Amino acid sequence: MKFIAPIALLGMFQAASASPVDIKTSNAGLQVTLSQINNTRIKAVVQNTGSEEVTFMHMNFFKDASPVKKVSIFRNNDEVEFQGIKYRVQTDDLSDEVLTSLAPGASFEDEFDIAATSDLSSGGPVTIRSEGIVPLVTEKSVTGSLSYSSNELTIDVDGAEAAKIETVGAQLSKLSKRTRVSSCSGTRATALQTALRNAASLASRAASAASQGGSTFTTFFKSDSSSTRNAVAARLRAVASESSSTSSGSTTYYCTDVYGYCSSNVLAYTLPAYNIIANCDIYYTYLPALTGTCYAQDQATTTLHEFTHAPGVYSPGTDDLGYGYDAATRLSASQALNNADSYALYANAVYLGC
């Protein structure tokens with residue numbers, strides 16, 4: 001991991017969660033209906049299919065204006081690389097702008113272009129779908145989770161038209177040609193260096209624990225098979241290794257929001273296609289260096305979370321399928337292996353003996 005302290009041209013490509021006994025799981029759900037508007041432009045209609053009003057955080061979900069992963073795209077059964085951003089968000093003190101409330105049967109629409117976050121210039125048929133879990137919110141804190149799923153939509157992409165859509169990579173290239181940023185120094189540099197040391201320690205401990213398996217392991221990863229233990233341990237060892245060096249490695253880590261993707265409640269983000277990680281302001285002002293509370297957020301596990309997104313650390317990089325204890329522990333075994341917060345929460349649980 002290359003720690004950017006001072007940062008040159010931009011061309012290089014607490015909150016405590018509720019305890020398990022306090023968290024509620026909704027039996028309701030959200031149904032997502034995907035349809036094609038024009039070529040790679042997609043419309044999603046999200047409907048509350050339950051019998052009660054729900055309030056949820058729509059970050060990393062439909063309605064989020066950032067270039068996040070709203071759908072998975074497949075060509076010949078192989079997933080097309082996602083080139084947008086993945087981030088970790090705070091789970092308490094949430095601002096109104098990141099919350100959506102839906103009465104029973106109510107819905108909202110979101111339109112987005114899948115060519116903005118994936119290279120579809122080769123054209124041809126692709127299939128898209130979406131499923132996962134969004135955080136339920138009560139009094140501006142995550143208190144549960146809500147599942148969602150979509151139909152499967154197959155479209156025929158005009159590659160020439162798709163190539164005209166400006167991608168996240170093209171936006172980064174423009175920034176690199178015109179922008180310089182100030183150095184990363186002082187308290188932020190110190191905080192990030194501490195977070196990296198702590199992340200390395202947490203990941204190393206968690207890797208050792210994962211190799212042995214046990215009840216805490218199966219709580220998060222649903223299986224105690226040797227293949228699951230080995231996969232989790234290998235990723236965590238890779239994170240520990242990446243966190244241990246500030247002069248080498250596969251990722252570039254900025255201590256400020258050099259690309260402008262931080263928004264309300266975002267702690268840090270990763271551009272996995274470029275193995276770039278950046279912290280947001282509230283990473284430093286909102287999070288403790290290392291929490292003493294089970295399943296709470298801190299700087300160390302946020303950094304660990306982001307490292308799991310980067311395929312340069314361990315391939316393939318993880319997605320954000322469920323935030324927080326409740327959502328993460330509702331995932332299937334295969335989903336948990338691909339969920340960033342599962343690793344962060346497990347590392348926290350091992351460290352604190354939760």
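For all residues, glycine too, the Cβ spot is worked out from N, Cα and C.
Copied over from Swiss-Prot, here are the features:
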type     : residues               : note
SIGNAL   : 1-19                   : signal peptide
DISULFID : Cys184-Cys255          : disulfide bond
DISULFID : Cys262-Cys280          : disulfide bond
BINDING  : His305, His309, Asp320 : Zn(2+) binding site
ACT_SITE : Glu306                 : active site
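Distribution of Swiss-Prot features across the structure.
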residue: Cys262; record: disulfide bond; Cβ contacts under 8 Å, 6 or more apart: Tyr269, Ala278, Cys280, Asp281
residue: His305; record: Zn(2+) binding site; Cβ contacts under 8 Å, 6 or more apart: Arg88, Ala268, Ala340, Asp341, Tyr343, Ala344
residue: Glu306; record: active site; Cβ contacts under 8 Å, 6 or more apart: Tyr87, Arg88, Ala268, Tyr269, Thr270, Ile277, Ala340
residue: His309; record: Zn(2+) binding site; Cβ contacts under 8 Å, 6 or more apart: Lys86, Thr270, Pro272, Ile277, Gly317, Thr318, Asp319, Ala340
residue: Asp320; record: Zn(2+) binding site; Cβ contacts under 8 Å, 6 or more apart: Asn60, Lys69, Lys86, Tyr87, Arg88, Gly132, Asn339, Ala340, Asp341
### Task
Note down the number of other Cβ atoms within 10 Å of the Cβ of Cys280 (disulfide bond), including every protein chain shown.
24
### Summary
Same-chain shell around Zn(2+) excluding His305, His309, Asp320, C-beta within 8 angstroms of the CB centroid, reads Lys86, Tyr87, Arg88, Thr270, Glu306, Thr308, Thr318, Asp319, Asn339, Ala340, Asp341, Ala344
### Query
Looking only at Cys184, Cys255, which of these disulfide-bonded residues has the biggest number of Cβ atoms within 10 Å around its Cβ?
Cys255
### Query
Where does Cys255 (disulfide bond) sit in the DSSP three-state scheme?
coil
### Query
Helix, strand or coil: which one is Asp320 (Zn(2+) binding site) in, per DSSP?
coil
